[in-house]
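**Student:** Pasting a structure below so you can have a look.
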Amino acid sequence: MNYKKYKGYETIVLEDRNWPSRKIEKAPQWCSVDLRDGNQALITPMGLKQKLRFFEYLVKMGFKTIEIGFPAASDTEYEFTRTLIEEGYIPEDVTIQVLTQSRIQIINKTFEALKGTKNAVVHLYNSTSTLQREVVFRNSKEETIELAVFGARAIKELALKNPETNFTFEYSPESFTGTEMDFAAEICNSVIDVWKPTKDKKVIINLPSTVEMATPNTYADQIEYMCRNLKSRENIIVSLHAHNDRGTGVAATELGLMAGADRVEGTLFGNGERTGNADILNLGMNLYTQGINPELDFSDINSMIEIYEESTAMNVHPRHPYAGDLVFTAFSGSHQDAIKKGMARMNKQAQYWEVPYLPLDPKDIGKSYEPIIRINSQSGKGGVSFILEQNYGLYIPKDFQKDAGRVITAYSDKMQTEIGAEEIYEVFLNEYVDIRTPLQLNYHKTQSVDSDWDLVFIEAEIEYNMQKHYVQAEGNGVVSAFCNSLKEIIGMDIDIVDYRGHSMEYGTKAKAISYIELKNETGERFYGAGTSSSVGKSSLRAVVSAINKMILAQQTKDMDTQEEDIA
């Protein structure tokens, strides 16, 4: 790769820059350019019905300025503008914005298209960059300024002839980031001299990174330079229009706001020419997650995705910030464990949202908690236990969680795929709950040996290897007594390490579930669970499940030993 064919971008000489120490404290003025900049970048541009639907959705979100197109560019663009105006699509508090070049026939057609609207921004632009001037237009700086001033005067005169509309004027030095900064300030000030903004009639100076050419801090330097050098700054709305060619359109916009800008033009999901525009969803939610009202409604992200994908035939990437299908998903075991603990803490104290790996509460944008933790071979106990707890009301003891996590991630590895909540639950049931072979409890009865029920006597009928046995024993509680009664039959000592239980929160019939952790003579741990409408029965069934796992493990070892001896 011949990297020497490229040259680095020149840095801006800006002494005592202030933007690095500033922070964004409020939402900017937003302008959606989905229907113009976004639409012109589509393989198949939107038709009239799609545009109308998209416009209505942008209004619903709270946009107060919407760039609807370039009405002089085509009959389709002109018809869309007239339809919005004549059929009453534009609310009283919403301003439509249209684009025009600095040519009199185009400006005249633009004002004709706007006839009858209450509020409109007329957006004038011409290319100012060194490359565009020298290669495309072959204009001098003076000729470039003359073109901008000509358009500014024509727009001002036509606005005076249409007093029924409240016009705002906007000027963009296209390819601003490739323009010499002193010249950018000069041409903008020449336009400002024509329009003569006031406190009540401000002018928008839009500073686009038409092609993103440098790091975001360079754009911020350029914006701060312009804010310092624009005439009548207090009557100017400085606007940003960042593209994403280097992948930093959002960052450049945020730094541009820190540098003094007041307004942002962008699109939903960053749709736009080449690699796209600055993503207003991304920008707005970045504000929201810092405790700042974005002044736009992102509460139903799924509807936004649906409208966007149907209208543009583009897909939202599964990793797209805030919106993608995998944004609120953790496969990693350590991440899952941290999320589980964070969610548990949120249930106890919730003044601020603070959950590891989740900078946003999914419910705030209409997402659910269900897909937060998803299980594959990289997952661990935290993820498995979170899903079983959230979906099925199973509060599994900590050491039991480790064993279940190992079993279920091994299953996922074997299947070579992610597994869902229902499948996780089925694996858990099959592996641990109410296991009845080779040992089965047919019936039992208990009685207290002392008045405090500390010492309990149990009689039971069990079936082991297809044979029935009647057993009895005493123990420190029902579970201990039952384990003591089985020692002679199964030929193993059994130690109870942990026993817990709770009522199940899943299903129409109330049930109890018990969890048992047992230890054999060599110190190996085994886990089982049992369910019943009776707490006592559920605990004994849990013991049977754990013992069956112990027996089956021993049988597997014995078979392995026999095979080694034969070999």
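Quick reminder: no glycine exception, Cβ is built from N, Cα and C everywhere.
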**Student:** Which of D37, D75, D450, D454 shares the Mg(2+) site with H241, H243, N277 per Swiss-Prot?
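**Tutor:** Mg(2+) site check in Swiss-Prot: besides H241, H243, N277, the record includes D37 out of D37, D75, D450, D454.
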**Student:** To test your reading of the Mg(2+) site: which residues beyond D37, H241, H243, N277, same chain only, put their Cβ within 8 Å of the Cβ centroid of those residues?
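**Tutor:** The surrounding set, listed in chain order, is V33, P208, S209, T210, A242, G249, E265, G266, T267, G272, E273, G276, A278.
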**Student:** Which of the three DSSP-derived classes (helix, strand, coil) applies to D37 (Mg(2+) binding site)?
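**Tutor:** Looking at the DSSP assignment, D37 (Mg(2+) binding site) belongs to a helix.
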**Student:** Secondary structure at N277 (Mg(2+) binding site) (DSSP, helix/strand/coil)?
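**Tutor:** Where N277 (Mg(2+) binding site) sits, the three-state DSSP reduction gives strand.
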**Student:** With every protein chain in view, what's the tally of Cβ atoms within 10 Å of the Cβ of D37 (Mg(2+) binding site), excluding that atom itself?
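**Tutor:** A count of 24.
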**Student:** Could you tell me the mean pLDDT the prediction assigns to the domain 'Pyruvate carboxyltransferase' (28-302)?
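**Tutor:** Average per-residue pLDDT within the domain 'Pyruvate carboxyltransferase' (28-302): 97.
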